[in-house]
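Q: First the structure, which I've put down as structure tokens, then a few questions once you've had a look.
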């Protein structure tokens, strides 16, 4: 992103508790091809969320700050700008309307705002006031609803792995900001960090009371869904009530020094550690991809469905892969047009350029495509490249045929115009001398191309009757000499035909060898792509397993043995899935490659018919 967005714009509008996507905001995202770092903030209304986002934007003004008890932000607002510390990246700030606004009727509306913020962000900030206690955790009840609001897969996992277990592979990092914090950071008389404070607050507390179980449920969900957690505790910005009403217009030196210190640390942390938004299997999200995700999720919500990551990625893949196919096909056509000088001297010259351009086009597709089930889009690219290759072959033949015919017409012009002069005694020898001179001069012409022999052979065939007529009219020759000359002419014609046939067979062999080499290179690129996807898939499942085992150990240490034991079955199921993926990957990969080979063979047969 070269220029920052001048001001925030509403991304997801919330009118009468109905969510809709602002197309103007989508158009902004659609122009951003860079990877995006997406930072979203949620929290109760009137807790200063917008102020923190303006700090990240480096502006006093931007996201509106309210000075009354009414919530200022409605829906989800977006501000895009070049990332201040990561070149070639775009920072996307998402400010959300306050949760728990008494003026809103349906609490489900808050849940969707919360869920969308989680789905869209790479760093998720929860902003609250005063302290992290039972009340604060109860106010964060939305996190316990995520299993009902978000699905990782479009169908139940056949291995029995919970939907929520897969959240860790695509959920954002979690940052809890506590405002107007008045307590000392101490635990059992020892100084602790704000991170220690958060982790201690998230420990499960024994007890069967409903309120205790509710706050424990929230603690457990935060721990299970968000493995990477951070906490910042802020003093009051100022103790001057009047200044609090106009934070967007006061100078930095009017703010409390401790508040300034933590604010700077918070901004530095976000700029340094907030990651690129990624989906499962390591798919990096760009601005235009983010726009597709927003639209897909909001459409799902409005249709009464639950936003599903797999469905969103499939939608994304369909569009992105179509674009990748066109981008790769265009690259092939453009490079072929630039590098080829038609007509080429030989077929091999064209095939060499084709091979280089096809390899580059395949690399372009591999770079920009993902989740290409059954190589559907790769096969489409192979077909398009094949069609374009056939077009270049035809153009090359046409250019060669045209050039050869023009040169032959030029060289034989006087010869053809004065053909009658050969119907004289000794005319046959004069005719042959002149024709051989034309042939010699013709083969001296450079870069005639692949049709050179065929064009000259056609010329010779057109001269067969004329030569025979001149021969028969030559009174200087005996009947025997005429017969010998006739036989020699037929023999030369037959040899020329055989030579032309051998050339075509040679070109056919060159074509097949080039196609086989190209086939192997394409398969190798596909193999590398599948291998990368396999490694990323195993890596994602390994991360899930390590996270489950870490959580299980923590529950045991906190005395929740039963809860830890309940995790054994899922841990074993996850181990089995990983083992199966490692064991069966080669077989699955080869099946895919064999299917792709069949398609390539089909196109090979089709192109050979061209020769």
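Using N, Cα and C of the backbone, Cβ positions are placed for all residues, glycine too.
Not my notes, these are from Swiss-Prot:
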REGION    1-308  region 'GTPase domain (Globular)'
DOMAIN    33-275  domain 'GB1/RHD3-type G'
BINDING   43-50, 65-67, 95-99  GTP binding site
Q: Can you check how the pLDDT averages out over the region 'GTPase domain (Globular)' (1-308)?
A: 82
Q: By the DSSP assignment reduced to helix, strand and coil, which category contains residue 98 (GTP binding site)?
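A: Once the DSSP labels are grouped into three classes, residue 98 (GTP binding site) ends up as coil.
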Q: Where does residue 43 (GTP binding site) sit in DSSP terms: helix, strand, or coil?
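A: The residue in question, residue 43 (GTP binding site), is strand (DSSP, three-state).
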